[in-house]
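Feature annotations, courtesy of Swiss-Prot:
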REGION    318-410  region 'Disordered'
REGION    423-454  region 'Disordered'
REPEAT    18-58  repeat 'WD 1'
REPEAT    61-100  repeat 'WD 2'
REPEAT    145-184  repeat 'WD 4'
REPEAT    229-269  repeat 'WD 6'
Amino acid sequence: MAAAVVTKTAWKLQEIVAHSSNVSSLVLGKSTGRLLATGGDDCRVNVWSVNKPNCVMSLTGHTTPIESLQISAKEELIVAGSQSGSIRVWDLEAAKILRTLLGHKANICSLDFHPYGSFVASGSLDTDIKLWDVRRKGCIFKYKSHTQAVRCLRFSPDGKWLASAADDHTVKLWDLTAGKVMFEFTGHSGPVNVVEFHPSEYLLASGSSDRTIRFWDLEKFHVVSCIEEEATPVRCILFNPDGCCLYGGFQDSLRVYGWEPERCFDVVVVNWGKVADLSVCHNQLIGVSFAQSTVSSFVVDLSRVTKSGSVPHGLLRNNELLAQPTPTGSSLRRSYDRPSTSCSKPQRVKHSSESERRSPSSEEDRDEKESKAEIQNPEDYKEIFQPRNAISRTPPHINEPFPAPPEDEPITAKEAVKPNQPVEVQTPLPKQELPETFQRPPIASSTPMPRAEPSVIPAARNEPIGLKASDFLPALKNQSQAELTDEEIMSQIRKGHKTVCMVLTSRHKNLDTVRAVWSTSDMKNSVDAAVATNDLSVVVDLLNIVNQTASLWKLDLCTVVLPQIEKLLQSKYESYVQTGCTSLKLILQRFLPLITDILAAPPSVGVDITREERLHKCRLCYKQLKNISNIVKNKSGLSGRHGSAFRELHLLMAVLE
């Protein structure tokens, strides 16, 4: 009798080259989990069917890179926001642009469709939230309360509320009919990246860069619980459709949470890097991530994931396995009711001005004429969108779940998709023959051309930096070559190992030095010690800690850090640039008004040593900020996340010009 085939819990479904340039955003359709939209620096929106290699439709019209995307609940419409602040809505069934919406003054950071009405909400780097009527192609309401970029917007399931998350560390709940903030949730110590409503209960979840997930009661307006001490910032969360648990997408892992009390039900290792969006369908979770121009999709079999009951990983408190308390309160929390038809659209809307309510018609008409929906694959397009226009059949057609591949070998723990595991990639690859055994590399007859390195090395990458993959791959067949011995193969594998160990040992020693200074002295001396090591990686590690606590920043600390920030902003490593931008933003928000006020103040009568010292520090900081402002101005034209960060810094530094 044949043994039962053991299938994988998580596996890589597909990898595609989605754009001719870097991918800047993507989104999954939540209804079927089979529709994927990607936006790129090439100013295009490409629509894909998950697990199919070819682009179904390419939407053009934007003139700047795509910053945010959203697909409607019925997967009939798609909205895209660009770097310039323009918004375009396409009808996927009709394959044409529906509306062009203008009004924001900066990048579009977040978008969401109203669940019932023809409305779209948009959040921007300009801190405004706007509600648009797609049918009338105008802004019907503008919500102003946030002080920094609005990173996520979500309508409540009944369509009456709107939740917004922003870089100002707050989550706000808006009453659409009244046009005002119902409540402001505070508690996060870092930018809030994502919010999600529970599908049925009055419960809201928020994830932040402070590496916590907070659950908020929307009836009593208080925090229900908080999941802390995650390893990475929280950027992607999703409630299970039945509301039994919350999924958190983290760096190379999926975590399953409960909230009353806070606990982690399960952890599944998935090699998806920084996952960008999640969707649940047919008891499978689909996750998508992107790196440069490629998009990867992954599947997790939820039937093999613990979603309630036992707590295999224990409560998230001091990393100790505790007994599971009896859940309380969830059965008493109110549930959403679908509003009547008259409530499906906001009431008491205010039109501040006719010019704001409507976009300029001549410019809009021209943009809509230039916007196109290019059908790249007619067969897939008809299969996905045309059946909606046909007569419904009974029972209706339902997409089958993705088949799980078998395990490579028997194991006891849940296996992740391994980096070296062969994966079927359906993008065309150059044809070449590879031998089955290692062979000696051919002796080069001439000096090889150096490989061009990227101008910016991304934080998420598929291969180590500084290692040549060709050293570890089989070479082409050559009759004059002899097969490598096992010793020679191991020698190639170990190549560079000693160098890496020396680098890590030196870095560890430097960090120990900084930690020793920090434990016996103040923050400025710790930063001085980090700068003295002449190792930017140590400075980055220290700044990543300091950036989490704004109260640690002092004026004398700025004089030491600003020269290092200037170096970080010009680094080729993305993570260094991100840390430099975060530190500079904190300095500008906390100290730039103080610096300008002190420099503009008239000289005092008599001798004031304290004031003279403060004036000297302010002059030094001002000079350094002027130097950095030139770098920020030159880089503000970049596309993608870097460009957004530099443009925000450029706005904050406008007073220096």
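Keep in mind that glycine also has a Cβ here, set from the backbone N, Cα and C atoms.
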Counting by DSSP, what is the helix, strand and coil composition of the repeat 'WD 1' (18-58)?
0 helix, 21 strand, 20 coil
The repeat 'WD 4' (145-184) - residue tally per DSSP class, helix then strand then coil:
0 helix, 22 strand, 18 coil
Using DSSP, what's the helix, strand and coil tally for the repeat 'WD 2' (61-100)?
0 helix, 22 strand, 18 coil
